[in-house]
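Everything on this sheet refers to the single structure shown next.
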Amino acid sequence: MRTAAQQIFQTCNKLFSRKTPNSVLEAHPSNIEAAAHLENIQHISSPSNPPSVGASRQHVHHVDAVMERAHHGGGWLLSGIICMNILILGCSFVAGNAMSGIITSVHLQIFLIVLILLTMLWMLYYIVFTSRKDQAAVFQDSHAGPVWLRVGLVLFGLLSLLMDCFKIVTYVGYLHCDSAVKVAFPVVQAVFLFLQTYFLCRHAKDCVQLHTNFTRCGLTLTLSTNLVLWMAAVTEESIHQTDVPHFNTSVSHKMYRASYGDKQCQCSHSVCDTFKEAFYYLYPFNIEYSLFASAMAYVMWKNVGRLVEDHSHHKIKFRPKDVCVGPVTGTLVVLAGLITFIMYEMYILQEDREKRDEALLIHFISNIVIVSLMSIYAVVGCIVYRLDCREHVSEKNPTRTLDMGLLVGASMGQFIISYFTIVAVVATGASGYLNALNLAWAVLIVLQLGLQNYFIIEGLHREPFHVMQEAALHTNAHALQEQVEMSVVMETSKTNYFLNGVDELSWKRKILKEVCAFLLLSNIILWIMPAFGARPQFDHPMEIKFYKFTMWAAIVNVGLPFGIFYRMHSVASLFEVYLTS
């Protein structure tokens, strides 16, 4: 008995006294992947292949980075908690400002200024200290921050900067009778736009290996700040676009009006009214900028501590001459949509009921035609995918996963509005051509969203055509190596590939590119209409009478911003599918 007790004591003593790196890693189940990377790194630098001095130094940095992630795996949880708390607090401020008179726009702007300043401090720390250290970001995610996304970020950032300039000029005229915070906020936001655009364009591809916990927290702070700014901008723009109908007198008009401060406070210069209306037309670009920045920050957060394999990234050129039918019909749809949208905006503001009904008739018919054509094109693209033999991408990619999640999630906003409309029209048995067109539009929207989501997700999951052709190229070269020298075959095949394989597209590739081009342009016009003020949901009173104004306004003002973002995100995803087809 004594011998057995001694053995148990010695075994326990060994377990508690001997700690290896593997035991530390096993104590954290979330770090199994990091441990696997560490073993791979150690296996590469085995004694049988002694590394050089530079490689040994790089190996040490890699091991240190992996060990840091292994010991501090709680950074994911901490950064998630920070993001969640900021988002909930931001929602409370935005909702309180919209629904009550206690939290004013000044209180909300002070909260946003604090968030922006904290985010800028972290960005400066990353740019000045973290990014300049050796081995801080030795790995780059080639899929993150593509050129088109950075160009869009810069474009929307410039238009948002113009919006802030208009706000500064406007609110300077009210300094004698209103708070100076209203001038300070656009000034701080303008500096934030400049710094964040530089930060994301420069470091969007970084897979940070040092200071991982602090970097994760900083990126979630950036993500949540942009989302709170997006919520504030969407709420203010929705309130500005929402008019209380004259037949609904039970609703407080305070919630549904543009807030310019006290009506007794008069502007000190004559251009206030012009700039007031001007910067509201720039709100859609500011909204899209915040969403672009949020998406890029999220991908950077997912890439923190990620060890990316060094694959050669193929540069895909944009060749508009490959397609003809899709761009031509898409351009015609955009032009026709712009004409009908202008007519809608002109007629809907008139007091004559017949003119308003005519505006709704034009808008419904134009949207039904556009959505029907998009559904037909999407069906053709889906059929081509069924005939396509390309393999599905098996590589894990945070950017692709985010694109698909945003695509499906954002489409829920338009789904909600459409289904609520269908239920209202069918339940009331509403008659008349406007109700029939409204019902047809809602049903077609549901059909088109489903088909387009399937088409885009299938396209994002398929291997690019040039990858499949190069795989076949190497296979053919290997089969002919007994008769001809390998190098001669490869050079000849590559020459034929670049001369014939790219210039002469197969019929499948041509059809897919035509479909992508048409859907891309059609989504642009479907983004323009609601983003710049088309609100048939409030101009047609059927849903308001069925759900009552307060509930219907909440449904539309929550679902429509997601629907607007869905159209812009679809444009980005379709452009990527176009390039890989």
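Note that Cβ sites are derived from N, Cα and C of the backbone, with glycine treated the same way.
A TrEMBL annotation is a machine prediction, not a hand-curated record.
Straight from TrEMBL, the features:
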TRANSMEM  76-96  transmembrane segment
TRANSMEM  108-128  transmembrane segment
TRANSMEM  148-174  transmembrane segment
TRANSMEM  180-201  transmembrane segment
TRANSMEM  213-233  transmembrane segment
TRANSMEM  278-301  transmembrane segment
TRANSMEM  322-344  transmembrane segment
TRANSMEM  364-385  transmembrane segment
TRANSMEM  406-427  transmembrane segment
TRANSMEM  439-457  transmembrane segment
TRANSMEM  515-534  transmembrane segment
TRANSMEM  546-566  transmembrane segment
For this session: Tally Cβ pairs under 8 Å between the transmembrane segment (439-457) and each listed stretch (108-128, 213-233, 278-301, 406-427), then give the stretch with the top tally.
Result: 406-427
Seminar exercise, completed: For the transmembrane segment (322-344), the distant same-chain contacts (Cβ-Cβ under 8 Å, at least six residues beyond its ends) come to 359-360, 362-363, 366, 370, 373, 377, 505, 509-510, 513-522, 524-526, 528-529, 532, 534
Seminar exercise, completed: Under 8 Å Cβ-Cβ from the transmembrane segment (213-233), and at least six residues away from its ends along the same chain, one finds 72, 74-76, 78-80, 82-83, 86-87, 90-91, 93-94, 108, 112, 115-116, 118-119, 122-123, 125-126, 130, 189, 196, 283, 286-287, 290-291, 293-294, 297-298, 300-301, 304
Seminar exercise, completed: Counting Cβ pairs closer than 8 Å to the transmembrane segment (278-301), the top stretch among 364-385, 406-427, 515-534 is 515-534
